[in-house]
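Record features (Swiss-Prot):
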type: ACT_SITE; residues: CYS113; note: active site
type: ACT_SITE; residues: HIS250; note: active site
type: ACT_SITE; residues: ASN280; note: active site
type: REGION; residues: 251-255; note: region 'ACP-binding'
Amino acid sequence: MIRSVVRGIGSALPKRVMKNTDFEGIVETSDEWIVQRTGIRERHIAGEGETTVSLGAAAARAAIENAGLQPSDIDLVLLATSTPNNTFPASAVAIQRELGITRGFAFDLQAVCSGFIYAITTADLYIRGGMARRVLVIGAETFSRILDWTDRTTCVLFGDGAGAIVLEAAEGHGLTSDRGILATNLRSDGNHKEKLYVDGGPSTTQTVGHLRMEGREVFKHAVGMITDVIEASFEATGLTAEDIDWFVPHQANKRIIDASAKKLHIAEEKVVITVDRHGNTSAASVPLALATAVADGRIKKGDLVLLEAMGGGFTWGAVLVRW
């Protein structure tokens with residue numbers, strides 16, 4: 001039985017760090033107000049010359065190097081983003097060029113904050129279906145470029161960055177002790193699309209638009225949706241919350257993370273938190289948190305890791321992976 005095993009991981013962040021106090025001269029807010037409601041203390045903001053493609057390519061190079069591979073070993077470059085460099089061609093193709101890859105194929109996937117979870121699921125299907133042996137899965141965003149910097153309810157929440165993993169086909173035994181992707185579950189419900197969206201686009205306003213969000217509505221639905229899809233993953237594998245070594249959630253809001261972990265009965269010390277230093281980086285959120293926990297030695301080979309995310313649409317999903 002073929003499994004999709006994580007071979008390497010990498011990340012990249014813009015140079016500029018914007019602290020909560022930096023917003024005090026832009027909108028009516030304070031460090032205390034932001035921390036109390038979100039857990040965010042700072043975030044990275046892309047500067048001149050830093051784009052979704054440049055950040056994604058940097059994270060990709062780091063992941064390929066960490067895997068001990070060459071760019072030419074990659075069969076598929078799969079980029080999760082909702083802030084591409086251009087409407088077309090796909091930013092994944094631009095990253096493919098930046099890496100010097102002239103074989104295989106590349107495309108973008110857009111599921112907003114759930115994008116990396118959707119991308120891992122897609123990559124796993126390509127690998128298990130025999131269409132690719134090694135897939136570079138990237139989550140990269142520059143949300144700072146679609147924010148309304150006069151809206152204090154949204155501009156303080158988001159940051160920019162990128163994370164990437166290399167998934168590789170490996171023989172498994174069909175057991176939950178196997179390394180690799182053990183289960184994936186995806187969901188969406190378009191009835192909620194007006195609760196979190198961008199008010200522009202090439203086919204409607206011919207503009208980029210700005211992010212709009214009904215924060216209370218998102219919070220109201222988030223915990224239930226997240227825990228339901230995770231419980232479905234447990235049911236599919238026979239695993240339980242007690243088996244989880246590390247819970248790596250989408251880093252949108254610490255209150256949502258805490259409430260989800262509590263409902264799932266996952267101990268606080270098993271939850272990876274980076275929202276305080278990254279803010280909400282959308283599709284880059286989960287791989288950035290993963291890369292942080294791998295780099296500091298928390299996540300080790302053989303650990304059972306639970307990933308989840310929820311984003312605009314609504315879209316949401318979960319992945320269980322044996323590291």
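Glycine residues also receive a Cβ, built from the backbone N, Cα and C atoms like all the rest.
Cβ environment of CYS113 (active site): HIS250, ALA252, ASN280, SER282, ALA283, SER285, ALA309, MET310, GLY311, GLY312, THR315 lie under 8 Å away, each six or more residues apart in the same chain. Note on the region 'ACP-binding' (251-255): DSSP counts are 2 helix, 0 strand, 3 coil. For the region 'ACP-binding' (251-255), the model gives a mean pLDDT of 98. In the structure as shown, the Cβ atom of HIS250 (active site) sits within 10 Å of 29 other Cβ atoms.
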